[in-house]
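The domain 'Phosphatidic acid phosphatase type 2/haloperoxidase' annotation in TrEMBL covers 60-164. The transmembrane segment feature in TrEMBL is assigned to 26-48, 60-79, 99-118, 125-143, 149-167.
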């Protein structure tokens with residue numbers, strides 16, 4: 001029942017690549033390149049308004065490691081073909097015939113977006129909207145089912161909140177974050193003194 005609904009939703013979204021083809025370039029851009037905005041965003045927050053933002057970035061990085069690690073574990077026990085392997089689809093971007101569930105793109109986008117939202121609500125809504133756009137684009141372009149990106153969203157958001165809870169509640173995690181920031185600060189000071 002759920003798989004039938006998932007495929008029905010996939011067909012409806014993926015068919016938009018034909019009925020709304022004027023939007024295809026945007027969807028391809030989101031599906032293939034928008035992840036670089038998240039990388040740039042992380043770097044921006046790290047280097048500007050240092051103290052609060054650096055704690056946020058450290059949490060985001062730990063959250064991303066946890067979330068993508070969960071994806072790897074899921075992939076070891078559960079395999080789902082991508083839509084273009086099993087069905088006729090409107091396939092807009094090239095992709096390897098590897099596991100479809102959960103979506104790494106959706107996971108990575110939502111774990112970063114949720115980490116930002118926890119610390120900076122106003123900015124966070126923008127990043128969450130971009131993460132949703134990436135997730136939609138992965139279905140639109142034919143490389144994921146809706147449940148793949150929903151699964152990625154749940155794993156990403158859940159990981160962000162879990163890591164934030166651990167860093168806020170347990171001293172050892174807080175000290176680990178401060179250690180990472182301090183390590184970078186010392187390295188930065190050494191480089192600046194030598195330049």
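Each residue's number is its place along the chain shown, starting with 1.
The backbone N, Cα and C atoms fix where each Cβ goes, glycine too.
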Item checked: Stretch with greatest number of CB pairs under 8 Å, the transmembrane segment (149-167) reference, 60-79, 99-118, 125-143 candidates -> 99-118
Next item on the list: State the residues, same chain only, that lie 6 or more residues beyond the ends of the transmembrane segment (99-118) and have a CB under 8 A from a CB inside it; answer 'none' if no residue qualifies.
Entry: 31, 34-35, 38, 41-42, 45, 56, 59-60, 63-64, 67-68, 71, 74-75, 78-83, 124-125, 127-128, 130-131, 134-135, 138, 143-145, 147-153, 155-157, 159-161, 163-164
Notebook entry, point to check: Which residues of the same chain, at least 6 past either end of the transmembrane segment (26-48), have a Cβ under 8 Å from a Cβ in it?
Noted result: 17, 54, 56-57, 60-61, 92-93, 105, 108-109, 112-113, 116, 127, 130, 133-134, 136-138, 140-141, 143
Checklist line | Average pLDDT across the domain 'Phosphatidic acid phosphatase type 2/haloperoxidase' (60-164), rounded to a whole number | finding: 96
